[in-house]
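Reviewing the structure listed below.
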Amino acid sequence: MMSWSDSLSRRLAERRGTSLWRRRQAHQSSNGRHLYTSDGQQYLNFSSNDYLGLSQHPEVIAAWQQGAEQYGVGSGGSGHVTGYTSAHHALEQQLAEWLGYSRALLFISGYSANQGVIAALMEKEDRIIADRLSHASLMEAAMHSPAQLRRFLHNNPISLKQHLGKSCAGKTLVVTEGVFSMDGDCAPLSEITQMAQSTGSWLMVDDAHGIGIYGDEGRGSCWLQNVKPEILIVTFGKAFGLSGAAVLCDEQTAEYFVQYSRHLIYSTSMPPAQAVALSEATRQIRAGDELRQRLQNNIQYFRREAQNLSFSLTDSETAIQPVIIGNNERCIALSETMKQQNLWVKAILPPTVSPDSARLRITLTADHTQQDIDVLLEALRGFDR
Ligand SMILES: Cc1ncc(COP(=O)(O)O)c(C=O)c1O
């Protein structure tokens, strides 16, 4: 019989020395513009999802402090025991009202929300038809569910239609994202919604990267494209500058999750102070047209000035501007070269992205200045030579 240690060392050996070996590095701190390493080095940060810079917003920080004074620092249990306070309730109501749903339910992360929703909803005879580039948290939940998983071609409604045309004994859940996390492109939500509706399927949209950024008062990709999926996932680790997530749905579906979603029932809820901070972040987002405009200006500036690079940019018009390199080793080397120039741009490698599509995932935020972007562009130009 193989020992645990032999088994782990075999699997580590398979990966060690390859370009897929993952490393973490403890930083001193970071925000939407800078990252400081423990050795005191300052980098321009082009890998953060803190798109509006709210992680450092003084009023959001003050709200968290005030919440901690009032409630302490932890929730003390799952929402079904002691962990559902007036702060959680107020945030849920605020989110539901803002996004036009009857109910919002808080989860501790986007990963947990996607797992908690899919695991609770799907039964054996059902099927999930998901965009093939959907986030790992959606795909993993779908693979572990008893339902059949089918993947449609990325952002391709014709491929979705072909899958929907095949018969299924149970219910169908169509899954996609508002803005794709590794490519930055946007789903054609209007066509996808029509197809889902015409076949009696439900649509679940994970708008982790669109919420706060698009639509009136930052209501996200669905609002922008004038659709209302049965299940909307919003996460708080990106434009909100915090962490956590919410599921938006109707009354009956929310009650179903309260009864059946194991992530809600068996996990300690987020600290009430965090809910207070999230309420303030939501207020900042709703009033954040100026921040959104700064972000859009930065995106347009980057794309305009990047046109003469030898790398072609993708079609993404969002804050996520990947530069596809292809080869893993070359991508890592370019990321290291950027680091030597005090630019923090992470290499994203398979299996996070598909084989041969390793990339520098550049993210822009409202906090970057045009001079910051000029420094980035100059470094990218250096690759040409
Ligand atoms: C599209 C998408 N969904 C879900 C998640 C997971 O959210 P969280 O970081 O809150 O777990 C992420 C990323 O981190 C994401 O990009």
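Keep in mind that glycine also has a Cβ here, set from the backbone N, Cα and C atoms.
Taken from TrEMBL as is:
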BINDING   Arg22, His135, Thr352  substrate binding site
DOMAIN    43-380  domain 'Aminotransferase class I/classII large'
BINDING   Gly110, Tyr111, Ser181, His209, Thr235  pyridoxal 5'-phosphate binding site
MOD_RES   Lys238  N6-(pyridoxal phosphate)lysine
Just to confirm my parser: what is the rounded mean pLDDT across the domain 'Aminotransferase class I/classII large' (43-380)? 97
For pyridoxal 5'-phosphate, what surrounds Gly110, Tyr111, Ser181, His209, Thr235 with a Cβ no more than 8 Å from their Cβ centroid? His135, Ser137, Asp206, Ala208, Ile233, Gly237, Lys238, Ala245
Check the DSSP secondary structure of Tyr111 (pyridoxal 5'-phosphate binding site), expressed as helix, strand or coil. helix
Using other CB atoms within 10 angstroms as the count, which residue among the recorded positions Arg22, His135, His209, Lys238 scores least? Arg22
Have a look around Tyr111 (pyridoxal 5'-phosphate binding site) and count the other CB atoms within 10 A of its CB, chains all included. 19
Between the Cα atoms of Thr235 (pyridoxal 5'-phosphate binding site) and His135 (substrate binding site), what distance do you get, rounded to the nearest Å? 13
When neighbour density is defined as the number of other C-beta atoms within 10 angstroms of a residue's C-beta, which of the binding-site residues Ser181, Thr235, Thr352 has the lowest density? Thr352
His135, Ser181, His209, Thr352 filtered to the binding-site residues whose C-alpha is within 10 Å of the residue listed as 'N6-(pyridoxal phosphate)lysine': His209
